[in-house]
Every structure is written in structure tokens, then in C-alpha cells.
Amino acid sequence: MADPISEPLLSHLTDDSGVNDKTRSEALTFDKIVEQSLSDFGFWQFFQISLVGLALLFDAQQIFITVYTDAYPTWHCLNHTICDPSASDICKLPRSAWEWDGGSKGKSVISEFGLECSSSLLRGMPSSAFYIGAIVGGFFLALIPDDSLGRKKLVLFSTFAMSITSISVIFSTNVWIYTFLKFIIGFSRSQTWSYALVLISERVSTRWRPRATMIPFTLFVLGFMSLSGIAFLAQDSSWRYLYLYTSGPAVFYCIFLYLFALESPRWLHMQGKDKEAIDVLSKMSPKEKVYLESVVSKLPLEQENFEQVPTYSIKDFFFRKWAFRRILVVMIIMFGLGISYYGVPLAARDIDVNIYLSETLNAVVELPTFIITPILLERFNRRSSVLVNTLLGGASGVLCFVLSILGKTEIAFAFELGTFFCARIGFNLMAVFMVEMFPTCVRSSATMMFRQALVVGGACCPLIASIGRYIPSVSFAIFGIAMSGLGMFVLILPETKGLSLCDSMEEQEKRDQAVNTSHVC
């Protein structure tokens, strides 16, 4: 039985409105339908991308919220005869000799649960549980086949589960319940970024993909920035309100996402639901409605098409040599970028600069990358962009180390920002590159593994950054060497600039073979 996914869609279709013979003779595939209908970037496409991208705004707030809720609160003396805030150890003073600033112990998790004299392991347990949940959830959710629920439902379920669990945090009565809920939050949101990126990338044409994929990244940074404002306004309230103020709007967002977000037309096509896919394309591009209506009337029956749709899962990465090689190389590169992206801001304390200024500038420096990345993707090929960027980032990290040793603190800090800047651009470039390298049937699983490599790299950062306590700033050299060294693996990957997305593994193999043949010729 023929495979309808790998065969041209509507190969018998002719245009009744009168097209030239060349157009008639060409096989009309679903990919050509998508590229034609989404050739322009209109308001509805921007609306759909922004709507899905908002999931990353709320995701960013939950990632960084413990910076404020689990902070060590300030305190003051009540009995100055035995208490001196600048010299006294709070754990060696009687409880009647001091008080938390503001007179309330509920401003922080540490003060409310009485963790001020507990070990650093216990105080950091909620944050650690969150990241452990993210790692466990990432590996577990990667096993879910791409054809199980659909792109929209995965974004909706992950965001909704994260939001509801975050609201339930306000009912925590001890640190153990709070830690368990933080684990669930980390687990449920572990792949929100991957789900949103795949859904967005599959609803734009090849021309607009570099710019469209930068919108959710920008919203992620804005989520981090907005959290600072919310925390400032709620600084006199209980830490529980910060969870309520961030997760409450996220629940209402899920309602809007359910009502107005559209499914990926490519995923619908893979499920044999071509008419629904055409309907989605019509809503996203009203100007092409006439063209799409002429197509939908000649589509094959959905029942016949659906019965022949093959199923794919993460095991296809191991059974197909080219897929395994690609995902392995992608994960190696992302491990190096993850070490630099998460580690450089963490090691900034080794440079003699204001820590608050350095963290603020590291956040601000991300914004220009969302403008520069589309320019690189549109003007240069993928492999050379990633390679040159990682080499520059690596050199910047080594120079930061050398200048810091020489006492050139201000110049060293500038190179620290440069290293972080290159790490962020590398992450942006690889996100688009990875989406284009894998077909629709396994793209979601590939994106999850891409994300997990980044997280595992980030998990190694505290260990590397701690080396800087013994050899000042040497961690920057390690981050730079890791970024540039592992970045060179990009030369193994195929170039994808200007190529449209494939839907099945067979289609991807045929396209790759055709591209390789054309290069040889």
C-alpha cells in the first residue's frame, strides 16, 4: 500500500482558474500549500504566534520566582545590649532579641518556615526540587509520541498544570509540601518551551520562520523582567501573593489559549486531517481563502488517508542512522551552549563588579540578540553562523579570564557580557536550525531532547563556577573553551537555509538525498 505522506498530495489537481502548463505539471504537495498560503505575514499570524509565545512569559516567571520568594529576609535588633545586626549571628541570639524587618515573618519562605538557621541544603531544597522536576519531566515527556495529543493541547496542558500547581503553593504548611509542589511545577513546565517553539515554527512559512521564532524568546525575557516589577510591588506582602499574582493570570491565559489558538496544520496533515489543516490555514491567511477553497474540494477522503498514516516515536532516532547522528550532535552543541548561557551570569561574581548591575546587564543584553539572530539567519547559512558565533564566544570567555587576572576588571566584564551575548545568539540560531533538520513526525521529540541538553549543561554550571573561588575567573575560560570546542561539531550537520519543513521521515530522507545529489553535481 502506498504511503500517502511521502506521496505528493493532490498530484492530480489542476487549477480551474487557468494556470500555465508548468504549474499544472508540478506535483502539488501539502508543503507547497502551506508555503503558498502563509507567504505573507499578516496580523492573524502575528496574533497566533504572540498568543502561543505568552506561555513562555509565564514560564519565565515560575523559573525565577524563587529569587524573591526564597530570599533570605533582612532583620533588626530589638535588644541592642546583646544584639548587633552587623556582627551578630542570628542563630546564636535568643528569639526575643531580634525581629524580621516589617514585623512579619511571612515575607519569605525562609522566615515563615523557620529556615533561617537550617543548613543551606534545606534552604535550597525547593529550588533544587524545581530543577530536578524539570530534568525528570523532560526525559519522561520526551517519550510521548508526537502524534498523541497535538501541539496546541501539549502547550495548554503544560501551562495549565504549571499554573494550577503554582496556585496550590499558597496553601503550603511546611517546607516539605512546598518542595514537593515545586517539583511538580518543574515537571509540568519542563517542555513548555519545546511545545510552543514547535507549534509556532510549523505555522509560518520558510521565509518568516527566523523572525517568527524570535517572538516567544522575546516574551520569555519580558516575563523575567515583569517578575521584577511584580515582586517590587508585592514586597510588603506575603511571598504567597507573588505566586498568586503570577499564576492567576496564567490560568486566564490558558482559557484564551484554548478558545483562540489554532492547531499546527502540519500536525493535522500528519494525522490525515487535511480538511482541518486547510481550515486552519484559511483562518491564519484570509487573503488566500479562494486558493485554499479550490484545494479543499479536491482533497482525498480523510478516512482513507488516516488509515494509512504511519506512526513515529522517539525510537526512530535510534533506528535511523542519520537521525541519531543529528540529534546527538545537536545535544553536544547545546550542552556546550548551556554551560555558557547559564554559567557566565553565575560566575560574574568572580569579577569585582556590582552583582546587581552585572545581572541586570546580562538580562538586558539578551534583547538585541532577537534582532540580530534573524539577520544572521536570513543573510548567512546556518552552519557558518553557529560556528563563527561559538568561536567568538569562546575567545571572549578566554579574554575575560586573562584580563581579569591582569586586573582589567571593567574590560573583563565587557568580555563577560560578550560571552553571554554569543551564548544567547547560539541558542537562538540552534533553535531554528534544529526545527529545520527534523520532520514534523518527530520534531517535538527532537526539540525536547534539544532542550534537555541545554538544561543538563546548566546543571553542571554551579560546579564549574565554584572553581572560580580557588582560581579567580578561570570558569570563564572553561565556559569559552566548551562553547567553541563543542560548537565545531556543527560542521557535521547538514545545511538547511532556504529549505521548507518536511513532514515524514521518508520525505526527509528523500529531500536530503536530493540536496546531496545537487551539491555533488
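Every residue gets a Cβ built from N, Cα and C, even glycine.
The domain 'Major facilitator superfamily (MFS) profile' annotation in TrEMBL covers 45-497.
Beyond its flanks by at least six residues, the transmembrane segment (41-58) meets 155, 158-159, 162-163, 192-193, 195-196, 199-200, 203-204, 208, 211-212, 215-220, 222-223, 226, 246-247, 249-250, 253, 256-257, 260-262, 283-287 of its own chain at Cβ-Cβ distances under 8 Å. Feature annotation from TrEMBL assigns transmembrane segment to 41-58 (among others).
TrEMBL lists 128-144 (among others) with the feature transmembrane segment.
The feature transmembrane segment is assigned by TrEMBL to 156-181 (among others). With a threshold of 8 Å between CB atoms, the same-chain residues lying at least 6 positions outside the transmembrane segment (156-181) that come near it are 55, 58-59, 62, 109, 113, 115, 122, 125-126, 129, 149, 188-192, 195, 240-241, 243-244, 246-248, 250-251, 253-254, 257-258, 261.
The annotation transmembrane segment is assigned in TrEMBL to 213-235 (among others).
TrEMBL lists 241-261 (among others) with the feature transmembrane segment.
As annotated by TrEMBL, transmembrane segment applies to 323-343 (among others). Only residues 6 or more beyond the boundaries of the transmembrane segment (323-343), in the same chain, are considered here, and those with a CB under 8 A from a CB of the stretch are 316-317, 386, 390, 393, 397, 419-420, 422-424, 426-427, 430, 434, 437-438, 442, 446, 449-450, 452-458, 460-461, 464-465, 475, 478-480, 482-483, 485-487, 489-490, 492-494, 505.
TrEMBL lists 355-377 (among others) with the feature transmembrane segment.
The transmembrane segment feature in TrEMBL is assigned to 386-406 (among others).
What TrEMBL lists as transmembrane segment is 412-438 (among others).
Marked as transmembrane segment by TrEMBL: 450-468 (among others). Within the chain carrying the transmembrane segment (450-468), a Cβ under 8 angstroms from the stretch's Cβ atoms is held by residues 131, 134-135, 138-139, 142, 191, 193-194, 327, 330-332, 334-339, 341-343, 346-347, 349-350, 427, 430-431, 434, 474-476, 478-479, all 6 or more beyond its ends.
Here TrEMBL flags 474-493 (among others) as transmembrane segment. Beyond the transmembrane segment (474-493), the same-chain residues lying 6 or more positions past its ends with a Cβ under 8 Å from any Cβ of the stretch are 325-326, 329-330, 332-333, 335-337, 339-340, 343-344, 347, 350, 382-383, 386-387, 389-391, 393-398, 400-402, 404, 415-416, 419, 422-423, 426, 433, 437, 464-465, 467-468.
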Positions whose Cβ lies under 8 angstroms from the transmembrane segment (241-261), at least six residues beyond its ends: 48, 51-52, 54-55, 58, 61-62, 65, 68-69, 152, 155-156, 159-160, 162-164, 166-167, 169-170, 227, 230-231, 234
Long-range Cβ neighbours of the transmembrane segment (386-406) (under 8 Å; 6 or more residues past either end): 333, 336-337, 340, 344, 350-351, 376, 412-413, 415-416, 418-419, 421-423, 425-426, 429-430, 433, 472-474, 476-488, 490-491
